[in-house]
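Some notes on the structure that comes next.
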Amino acid sequence: MRTFLSLKTCLLSALLLCVNSIAASKIISVSDFGLKPDSRINAVPFIQKAIDACKQHPGSTLVFPKGRYDFWAQHAIEKDYYETNTYDVNPKILAVLLEQINDLTIDGNGSEFIMHGRMQPFTLDHCRNITLKNFSVDWEIPLTAQGIVTQSTSEYLEIEIDSHQYPYIIENKRLTFVGEGWKSSLWAIMQFDPDTHLVLPNTGDNLGWRSYDATEINPGLIRLSDPKKEADKFFPAPGTVLVLRHSTRDHAGIFIYHSMDTKLENVKLFHTCGLGILSQYSKNISFNDVHIIPNTSKKRVLSGHDDGFHFMGCSGLLKIENCSWAGLMDDPINIHGTCSRIMEVLSPTRIKCKFMQDMSEGMEWGRPDETIGFIEHKTMRTVATGKMNKFEALNKAEFIIELSVPLPAGVEAGYVIENLTCTPDAEIRNCHFGSCRARGLLVSTPGKVIIENNVFESSGSAILIAGDANAWYESGAVKDVLIRNNDFRYPCNSSIYQFCEAVISIDPEIPTPEQKYPYHRNIRIMDNTFHLFDYPILFARSVNGLTFSSNTLIRDTTYQPYHYRKEGITLEACKSVVISNNKIEGDVLGRIVTIEKMKPSDVKISKNPFFKLKK
């Protein structure tokens, strides 16, 4: 009898738990709070009320009936955030803020979220298990503009601009774009092919026309001239589409901050004020069917103002599948940490440090019990590790770290610190890296990285594995990278930007690289297809364990060779390099392998008569 009663009690308890769970989780519609689609009213205050209701029901889904929703800065929450690779413009204006919320899904049902003015559409702050899905984000007036060349002479450049989509004024002879609560002047131009929407080859960061006089010939027709002969002009052909860069990177599109288990599904960002999706000090992030691409219904070739997916100081697994990017003004993906310099040793357990890059200032660099690497910046050698006991900010640029044990012998002012706890694994599959300014995928993390089954059509290098403590201070020596079954197409590396030494560029900034202290290790490039119009295929500096094998190299003649490197593979201060069993189709140009600061015996070329080591 006791056994029967005990079983009955357990079943009743389980039933009550299930009922309570169902009662706690529910579907909540923004329409319950008076917000209707296509009403053109400010959605911000209504959504704030809906989110407050969701807090009372963990596991809820907040749904938007399909339609258009508009967001203005009025009623938006304003809060200071120090966002990496973003200028310190605070407070941030937050259209939708999720703060300390767990177990919530936001389902847009295919809705359009239209922003007005400078703002951050979504912010996730100390959240867990949040899913955002089924919506698009765009701006009524983008923070980047576009035009078409109508005339190009040795004296001037005429540009046709849709003044409804990109309102402008001429102010002090500068072409100045205006929007809701902002104005900013043209400071750079990118050139796109009007038919393919690819960045025109060998244009890249052509910084001409920074000094100019602007005049309006007719409404929507602007002439840039150079009476002082200071503009360093270039002359794109009539019909060329120009992305007219202005404004600054001051808000992310989606900011994921100190959050865990975040998912984005079926989301399109047609524009952002700065970085597209910025994940900072967050863990376990999954993006599936997420796209940062031009809004073709508005005849745009431009999309985001800067990077696409940017991950700094993250951990756990970054899983990126079935995503695409095009028309960005910076890299589609960048994964890295942040180095800081030791300015002063205050005691055996206390060091004063400084953010050396202004777009890193203000961040919380670390937390108790996290592991620190100590780096000698000239060779980029990690000489020791330690544990952090306390982080104390002195100001936006400087901070004090208290260590759990005394500083390792030999570490002194001038050394650099790296957070080794905030280093993620990454899986990037079935994605399309379309034509954007700069490179395709930047990865700097010691975690396990798999890059497979992707298509690359980047303007610069398709993949950059960097890391430095001397310029950008973006840390992360890789230890396990597999690049497999990808298709590297023209226009990969058809324009030169920083670090674009080859289609795949392994280019850490090391002032004095030494082969006995390799920075990166265990990089395998296998079973890929390269469509090559130029010589440089692979550049690698300071790698221990580099394999380039079973790839198919196909000659492409879409554009003529232009790159200053005339070798296929360039190796510097590397060891244990294997080049083998690669298939050649057509008269591929880059057959020479050059080495520097290493011996011929450090490279093994086998089953591959095509590649020849330069003596």
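Keep in mind that glycine also has a Cβ here, set from the backbone N, Cα and C atoms.
The shown structure was predicted, so the numbers you read here are calculated from the model rather than taken from an experiment.
The repeat 'PbH1 1' feature in Swiss-Prot is assigned to 282-313. Remote same-chain partners of the repeat 'PbH1 1' (282-313), defined as residues 6 or more beyond its termini with a Cβ less than 8 Å from a stretch Cβ, comprise 84-85, 138, 142-146, 162, 165, 192, 197, 241, 243, 247, 249, 252-253, 256-276, 319-338, 363, 419, 422, 424, 434, 436.
Same-chain residues lying 6+ beyond the ends of the repeat 'PbH1 2' (423-445) with a Cβ under 8 Å from its Cβ atoms: 190, 192, 196-199, 204-205, 283, 293, 308, 311, 314-337, 451-467, 474-478, 481, 491-492, 497-500, 505. Residues or ranges marked as repeat 'PbH1 2' by Swiss-Prot: 423-445.
Model confidence over the repeat 'PbH1 3' (446-467) stands at 98, taken as the mean pLDDT rounded to a whole number. The annotation repeat 'PbH1 3' is assigned in Swiss-Prot to 446-467.
For the repeat 'PbH1 4' (478-500), same-chain residues at least 6 beyond its ends with a Cβ under 8 Å from one of its own Cβ atoms are 198-205, 435, 437-440, 443-467, 507, 520-531, 533-534, 536, 556, 558-559, 562-563. Residues or ranges marked as repeat 'PbH1 4' by Swiss-Prot: 478-500.
For 520-541, the entry in Swiss-Prot reads repeat 'PbH1 5'.
Sequence-distant contacts of the repeat 'PbH1 6' (543-573), counting only residues of its own chain at least 6 positions beyond either end whose CB sits under 8 Å from a CB of the stretch, comprise 201-202, 489-491, 493-494, 496, 501-502, 506, 510, 513-515, 518-537, 579-598, 602-603, 610-611, 614. Taken from Swiss-Prot, the feature repeat 'PbH1 6' covers 543-573.
The signal peptide annotation in Swiss-Prot covers 1-23.
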